[in-house]
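Copied over from TrEMBL, here are the features:
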type    : residues                                                                                          : note
BINDING : B:Leu19, B:Ser20, B:Gly21, B:Gly22, B:Leu23, B:Asp24, B:Ser25, B:Met26, B:Val27, B:Val28, B:Ala29 : ATP binding site
BINDING : B:Cys198, B:Cys207, B:Cys210, B:Cys213                                                            : Zn(2+) binding site
Number of protein chains: 2
Amino acid sequence: MSSHIIPPATPGAAAVVLLSGGLDSMVVAALMREAGYRVFALTIDYNQRHAIELTAAHRIAIALGIERQIDLPLDLRRFGGSALTSDIAVPKEGVGEGIPSTYVPARNTIFLSLALGFAEACGAQTIAIGVNALDYSGYPDCRPEFIEGFQALADLATRKGVEGEGFRIVTPLLHMTKAQIALEADRLGLDAGMSWSCYDPTDGAACGQCDACRLRAKGFVEAGLPDPTRYAGAAPVIG
Amino acid sequence: MSSHIIPPATPGAAAVVLLSGGLDSMVVAALMREAGYRVFALTIDYNQRHAIELTAAHRIAIALGIERQIDLPLDLRRFGGSALTSDIAVPKEGVGEGIPSTYVPARNTIFLSLALGFAEACGAQTIAIGVNALDYSGYPDCRPEFIEGFQALADLATRKGVEGEGFRIVTPLLHMTKAQIALEADRLGLDAGMSWSCYDPTDGAACGQCDACRLRAKGFVEAGLPDPTRYAGAAPVIG
């Protein structure tokens, strides 16, 4: 089964959802709830530049009535190597070709591994992550082939994989545009303003120029929805 | 190239070594140094029952003159699900069939992912881990097929993988017995007493009955080497 299709939940089934606090992970958590899963949210406090997203994750978990949330500190600034975890400046010139400096080395591998450990320990068989291969920044660990690779590994790596049952990595947004994701949020009755996307906030306001701001703003414009984001300066220019 | 063969180090090449403080990771770190690598050690403080192994890791890093060591706190007790990260008792009846309760859900996937992130951030292309598929406890994430799966994932997951160079996961001990590992330690001039293996120590002494104690003691006996371990009670009965 393709990873973007949410499998029907059996009674009482739990799903671990990687909840960053962004628009994408908010929609994923709501979609898993809608599909009937008990949602166990995993939020990684990786000492990211935009730590404000953690507050958004808490807000979302409360608004969605999520059963359990773990905030896990993991200081990836010890490794550095990214504009999000070191003093490298966040690029502001617009989404370009190639992998940008906001790529955090092996981040989704690390986060999915942690979700896998949490899922196995708490008896969840499903792990959901809001990766997206259309309106994204070109990160290698958001591509379908990465997700397939992790799916294969999960079944080799774990007791549950070896003993037969295995895990399912679910990526409901994989083939959606940001506009489609914004429309999903709207359909689900979610206040998109609860979520946080900007990589380089100032005093609780979004910069309006980083890739995350641009992709998010483009999504609202293309969806014909109001952009609830509070920007430090002008809103991103779209189109 | 098979993962158990250490590739020749190019001048200045660095390797990230997962250094737990056990006999196996100590030998791996020394083998990588012997092969000419600059060793960057990664030690994960996962709130393990045998946190005493962290002290051993520091001792080893100093003795080997390791260039850089990162101690990374990551509280896997938040997930639990293992005798090493919860109140489940450590089994003492000897190495049996199947996967024992000391298996920590997805531990090696998590640790290798972190090593991958560290390696990519610091420019190392090689990652070494002391997994062993002969005298081991039956953990799924110590098997050759798991290592192959992670190797495949590493190249899908990262900038370096996508841009062509990729990473090499090296497992020098994969097909060694514990006796062969003990003999390697001896050949390398390492004091095996620096390392720590016991899962359930009391007042700085090894229990002598957990799988880790039994496998270690068997290694020394079969190698014809003295066992430097200080036991709380009697040494494990071998044979």
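Keep in mind that glycine also has a Cβ here, set from the backbone N, Cα and C atoms.
Sequence features, as recorded in TrEMBL, placed on the structure.
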| residue | record | DSSP (3 states) |
| --- | --- | --- |
| B:Leu19 | ATP binding site | coil |
| B:Ser25 | ATP binding site | helix |
| B:Cys198 | Zn(2+) binding site | coil |
| B:Cys207 | Zn(2+) binding site | coil |
| B:Cys213 | Zn(2+) binding site | helix |
Nearest-integer angstrom distance between the alpha carbons (Cα) of B:Ala29 (ATP binding site) and B:Cys198 (Zn(2+) binding site): 20
Distance from B:Cys198 (Zn(2+) binding site) back to B:Ser25 (ATP binding site), taken between C-alpha atoms, in Å: 14
Residue among binding-site residues B:Leu23, B:Val27, B:Cys207 with least C-beta crowding, 10 angstrom cut-off: B:Cys207
Env. residues of Zn(2+) site, Cβ within 8 Å of mean position of B:Cys198, B:Cys207, B:Cys210, B:Cys213 Cβ: B:Val90, B:Lys92, B:Ser197, B:Tyr199, B:Asp200, B:Pro201, B:Ala206, B:Gly208, B:Gln209, B:Asp211, B:Ala212, B:Arg214, B:Pro236
Near-site residues: ATP, ref B:Leu19, B:Ser20, B:Gly21, B:Gly22, B:Leu23, B:Asp24, B:Ser25, B:Met26, B:Val27, B:Val28, B:Ala29, CB cutoff 8 A to centroid: B:Ala57, B:Ile60, B:Gly130, B:Ser195
Chain-internal residues near B:Cys198 (Zn(2+) binding site), provided their CB is under 8 angstroms and they sit 6+ positions away: B:His50, B:Ala206, B:Cys207, B:Gly208, B:Cys210, B:Ala212, B:Cys213, B:Arg216, B:Thr229
Sparsest-packed of the listed binding-site residues (B:Leu19, B:Ala29, B:Cys210, B:Cys213) - C-beta count within 10 angstroms: B:Cys213
All-chain count of other Cβ atoms within 10 Å of B:Gly21 (ATP binding site): 23
